[in-house]
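What TrEMBL says about this protein:
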type	residues	note
COMPBIAS	28-52	compositional bias 'Basic and acidic residues'
DOMAIN	435-660	domain 'Ion transport'
REGION	1-67	region 'Disordered'
REPEAT	176-208	repeat 'ANK'
TRANSMEM	409-430	transmembrane segment
TRANSMEM	442-465	transmembrane segment
TRANSMEM	486-506	transmembrane segment
TRANSMEM	512-531	transmembrane segment
TRANSMEM	552-575	transmembrane segment
TRANSMEM	628-653	transmembrane segment
Amino acid sequence: MDNFTNGQPGPGQRNRLMGLLETDDSIQEDKPSSSKKEERSGLRGKKGEPRPLETPYQKESSDYPPKVRINLNYRPGLVSNQKDPNRFDRDRLFSAVSRGSPEALDGLLEYLRRTSKFLTNSEYTDAKTGKTCLMKALLNLKNGRNDTIPLLLEIDQKTQNPRPLVNVACSDCYYRGKTALHIAIEKRSLDLVKLLVENGADVHARAHGEFFRKKKEGVCFYFGELPLSLAACTNQLEVVEYLLNNPHQKARLQEQDTQGNTVLHALVMIADDTEENTKFVSTVYVEILKAGVKVDPTTKLEEIVNYDGLNPLQLAAKTGKVEIFKHIIQREIKDPVYRHLSRKFTEWTYGPIHVSLYDLSSLDSFEENSVLEILAYSSDTPNRYKMVVLEPLNKLLQQKWETFASKRFYFSFISYLSFMIIFTAIAYYQPLRVKPSFPVEFTAGGFLWVSGLIIILLGGIYLIFAQSLYLRRRRQSLKTMCSDSCIEILIFIQAFSLLLSAVLYGASSENYVAVMVFSLLLGWVNMLYYTRGFQRTGIYSVMIQKTILRDLLRFLLVYMIFLFGFAAALVTLMGDAPSLSQNKSIAQMENAGSHAMYGGLLSVSLELFKITIGMGDLDFQEHARFRYFVMLLLLLFVILTYVLLLNMLIALMSETVTDISGYSKSVWKLQRAIAILEIEKAWLWRQGGKRRSGCFMSVGLNKKDERWCFR
């Protein structure tokens, strides 16, 4: 315990006190407010744009927030009021370390001790980012070194800093959590990494500012936040090995960032499917797995899930990273020591024939949140059709289809076809009355009619219930629903319309006929759903859907703009019959209206549509006031729609079909995969329980490592 001498605190007590309160020996006046405003405006960039952590074109900010400090000049006996020529301010310190000049730091240790200051005091940092002199030195390397770095670490230790300089992190919202160790790894300097770790650098520090978060827009670099993840994501295997095996503080492979991601998750996140990137990510991924075996052979790094409930394999499927996904599910390691890390095991080969076992962990739909479910139900996942045709998923889905799904699918198809035939027969032979009559006559025909109504009603209830469960499971956005589940939505609308027509019929409303006919029409259109059970019709259906969504909708949007514009112009030019205010009889007005070619916006639009499809004519009235201008407008409409838009639509459709033909089979297989999973989850078939594919066998180091594998 430190004692007080003459009312003054001892050295140890002073260090603890100065750790709480900073000292200030400045005798200069504060900057004028105008200069601070200029500094703030110079540091402010575009909205959402981060300030550079280091730039030669901008000084560090001195706009510090108000802070309580001990004024060393308040008592003249403690420190002289004269300006100290040996005083170190931030500009002097940063200038010395950026030049890499240790000589310029002579006297720094004595000055810090004399004034009870530390290198982590706010006056020695960037007011905006929290950048320290150590970070400044690391950001200004020459030939991979800066001789002031060891000196700064030595001085910081000798001053007994309660907040070690090596672990101080940036404090602003963009770079929060970034430490000197992150910068050293970013600079790809193993020697500096060793130096920092030897001096107590935290190997589990998390850089979790906005700049290090994965986002769709803006500048960012997500690497997993941890130093180990940064080294792995920048392909520095030597640094990875050192962080895992250094004698000071070993990095933990199970460590997770603020999103729950491990180093394996981070590697998946940075994959971009290019050849060079895939090669290094795959190599580092395997080396991380091998390193985990060296640390703890029982550790299963690939089973760790993040806060979204995804392991690295599921994350690769969710984000559409095809190449790293392919590497993970087809990974085969020949080395006997690490063979259990494989997901593919070759049983035997005979010439070109290979028989292999594939690990089904996280793949089969028997498990919750499986890869198959992610590919089937995550409509926002890119490249789904590319991943679903990879082995073993392709053979797994084919086996499911052949063993049970095809029989149930064909049964569903026959049931729906029978339902639509009965529905059509009832609608066709239904007598159209102004008001439906009750009760029904109990004849043979009446009995069949009532039986058909009951079947239709029960079918509508089943369809709306099944589609509600389907849409609830997928929970899609409006955009993805329209592009990926349009038929399912139409089936839901069909069932809803059918039930609505039944309600209207029960209420003796004649409007039930229109609603029933609409449901009947949708019912036959929805037969396209069952084309996915047959390869030829399924591929054709894919082309139809893609053509409608890609080309036809855009054509209709532009066409409707032209149609409305020209129709409004022609109605304005031709006008309706004269008004009653004029001295003409009603008979005269009707006679004049009968000669009018265009009597209103709707009729004009209909005539223009006929012209578009070649069924109209360009005749105009002889008595039209602006007949030549009307002719000009009609000719212009023909050129823009019949000549331009229709031919563009044909060309775009041809291009779309050519483009889709290259991967239409894969898209069809994805649609069939969705149908297979829907059959598995359908409540009508759940009585038999879930079916598990593959066989349960030991492929690891011992019998405890037993897995479900697919041959």
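Cβ atoms here come from the backbone N, Cα and C positions, even for glycine.
Within its own chain, the transmembrane segment (409-430) has Cβ neighbours under 8 Å at 449, 452-453, 455-456, 459, 498, 513, 516-517, 519-520, 523-524, 527, 530, 533, 675, 679, counting only residues six or more beyond its boundaries.
Summed and averaged per residue, pLDDT over the domain 'Ion transport' (435-660) gives 75.
Per-class residue totals from DSSP over the repeat 'ANK' (176-208), listed helix then strand then coil: 16 helix, 0 strand, 17 coil.
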